[in-house]
Each structure stands twice: as structure tokens, then as C-alpha cells.
Amino acid sequence: TQVESECRISRESLETLLEETAASQWGPHLLPPEVCSLLNPAAIYANNEISLRDVEVYGFDYDYTLAQYADALHPEIFSAARNILIEHYKYPEGIRKYDYDPSFAIRGLHYDIQKSLLMKIDAFHYVQLGTAYRGLQPVPDEEVIDLYGGTQHIPLYQMSGFYGKGPSIKQFMDIFSLPEMALLSCVVDHFLSHGLEFDQAHLYKDVTDAIRDVHVKGLMYQWIEQDMEKYILRGDETFAVLSRLVAHRKQLFLITNSPFSFVDKGMRHMVGPDWRQLFDVVIVQADKPSFFTDRRKPFRKLDEKGSLHWDRITRLEKGKIYRQGNLYDFLRLTEWRGPRVLYFGDHLYSDLADLMLRHGWRTGAIIPELEREIRIINTEQYMHSLTCAPCLFLRCITKALFNAQFGSIFRTFHNPTYFSRRLVRFSDLYMASLSCLLNYRVDFTFYPRRTPLQHEAPLWMDQLCTGCMKTPFLGDMAHIR
């Protein structure tokens, strides 16, 4: 169509505008003074009211929370898992021709295992048409609707469970899942394009296991440890955040699934050799999310070399390292309960859900994609101020700017995405990185933006009280009496 053609023509110019805006932070030479509704990529956004004055204890995950990683890590994970599939799972050699495409997938997508469909679902369980892919090819809207019994709606019993794992549909929630989605799509694409029969469940499990092997075998840890300057971002900002909190007499703790040797090297790089003195408690290889629900696993103390001690843990000491354990013993030994604790993590399920819903901690989600999404939103607002183009035209362009296949991780046209719904449910605050805390006082109070409910701010003519429009079809209903 003409609109689609114009979208393709205009995308390059808008991407150039986005790059210029990002390079200049706010792009004052691009944006006129009257545009005052811009969003700040370095801001903290509140889903719930929270006063930092009441927070006495700050907790942190490690990967993608204290340590932000460069996107250069994703091709390494993809390639290593691809080679594991070929060499250990005996998958076709032809899969080796596929390289990682960083622009293919976004976080929060769902994968229907039996249908081999990667798709974007909104907060009401509807598939966003135009965002369903089998392998690397889009699936026509008519086929998607037919696959789900004549509707775009995914029944609740099929959807992801509490931790993003339903009986037949999996939601990809963490940033490490980006290379997993890319590899899964490439493998399916190879099998389909070569007419090879395969069992969807077996293929999904093999790809998932190959990605898991990259982590279990320590390959990712090795890459990062060998070149921390390349892979670890914003280390000086992490140090500034932790030091500032300690200076204001806040207590800090770390709970991570990563091993001590890896965390120690990373924290030494970002903070220095005395990093453990900043934390009151450090727990590694915690095995989240079962750490929050399984009472059976006790804490064990580690020495400097990573060797386990056999003595019973009766208190958690500052400067010591503990492995595994469980949240119930943690609460008993520290007495850090309720809303005076604020915990930060990047995974809405594994890091935050249990803490908020079952234990009353305040939670903060780290969403690195937020920074780029906000810059695109600001660019979109600027384009609205310059043109009277149709909404469909601008919608097409901005979707392509977010991601050509799936659009924004936060929105599906008028509705929030399923990812957004969980973000609002499981986090009090969300931000692009921990460094955003440096923009606020330690006693600052965050308030969620008061947005009108649908019945509070009429926007459509049929909802306006004009004094002349009462019950227009009352006469037609007279026969009912």
C-alpha cells in the first residue's frame, strides 16, 4: 500500500534522526522549545508510591543489575550454543551458516512450542497480528487466527505460569534469552527450508539445553573475565551508587545465581578489591527463583578459594561469602522484612515476583532497553509536532524503529504488552540502569503518574455529555415493554 511504501522510505531518515538525538542526549538543535513533554531516559519510573526515606536495606542481583553487559556478549552465546547443537546434539552442519541477528527479537516474547511460533502477546492475552514468526518468516494473520481456533486470543491455561513457563507456551523474560530466541528461530528456519521433519518439543528442548550448557560450562564467564573492559559497562556508576548508599548508612546485600569467582572478579573490576566491605551480606549460587520458595536448602560458607565449609550457619556476617540457602533463613537471620527492603533485579519472575507478592519487599526492575525506547518515543513526539501524517503512517514507522518484526517491548498498539503487565505487577520502580539512582536524593518519594481511568476522561463523542444526547435508541426498545 501507499502507506507501507512511505513507511519504508521514511524509516532511514527517522533512524538518522534517532541517532542524532541520542548522540546529543536531548538534541536541542532538533527539538523546538515548545516541545516540553519529552521523557528522560535517565529517570526512574514508578508503578507504586515509594519513599526512599523509609528504605533502610538495599538488595541487588548481579548480572544485568550491578553488572551491565555489552551487546557484544550475545553473538558469543549464540555461536557457542549453535556449535554445541551441531557437535554434541548432531544437528545438521548447515545450521553453522546462521549468524546472530541482534535486530531480530525483543525481550518478553512468547513461544508456542507445538506450533513453533514466536509471537508478541498483549496484556489481555491477544496475539498482536503481524508479529508472529515461524523460524525467520512471518506467519500470515489468517493462519495465526486459524491456529488458535478462529481467534487471536490465547486461553489462560495455555499461557505462561507464574515463572513464565506454561504447559505449551514459554515467555522469554531475561536479556540472556535474546540469543536463545535468535538461535531457536534459525534452527526452525533451517529445518523448514530444507523440508526436514522434526518434533517441535525436542527441537525446543535441545536449543534450550544448548543455551544452558553455555552458562553451565562457564563459557560466558570466561569471555567476560578475559575482557572486562569490552563486556562490562557502567562499572564506575555502579561504584558511585553503592558508595553513596553506604555513605547514607544504608545496609546492602547481594543475592545472585552466579559463582563467587566470577562475581569477585567483576566487582573488583567495577568497585575495587575491598568491594565486600560495602555489603552486609553476599550470597552466590543462590539458585533463584527456588531460593525464594524452597525452605530445605541451607546456607554454606565459602572461603577465599571457593571451598565449602561444613559448619552450621547461625548468622550472616559482613565480609563473608555464602552459597545457596533460602529466603526464609535469610529473613530469620537478618530480620530484614517488609517495605523497608528494596531489591533490584532484571528478571521480573526470578528476581522480583516472589519478593513483592509473598514477602512485601519493595522491588526495582532494571530494564536496559528502556533508554532506547524512550529516545524513540521522544523522536515520535517530535515527528508528530512536524507533520499531520495519518496515525497508521506514524504507527508503521515507529514500530519499525523499535523493532521491525515485533515493535516495542512495552506496547501493542493501544494495549500494553504482556511484559508490561508483569512489569507493573511485580515492580514498584523501573529504570534503565542502577545509575539512575544518582539523579535522586536518598529520601526522595516516587509517585506513579495519575492516569485517568476510562470513565474519568471521556475522549470519544459517544461518551461526552452534550445535553442533547440521552438514550438515542430508547424508542426502538419500546416494544420490549
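Yeah, the Cβs are placed from backbone N, Cα and C, and that goes for glycine too.
Because TrEMBL annotations are produced automatically, they should be read as predictions rather than curated entries.
According to TrEMBL, the feature active site, nucleophile maps to D61. The feature active site, proton donor is assigned by TrEMBL to D63. As annotated by TrEMBL, Mg(2+) binding site applies to D61, D346. Annotated GMP binding site per TrEMBL: D63, in sequence order.
Everything TrEMBL records as a feature, shown here on the structure.
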residue	record	CB count, 10 Å
D61	active site, nucleophile	24
D63	active site, proton donor	22
D346	Mg(2+) binding site	22
Point to revise | Distance [Cα-Cα, Å, rounded] between the residue listed as 'active site, proton donor' and D346 (Mg(2+) binding site) | key: 8
Review point. Using Cα coordinates, what distance in whole Å links D346 (Mg(2+) binding site) and the residue listed as 'active site, nucleophile'?
Key: 8
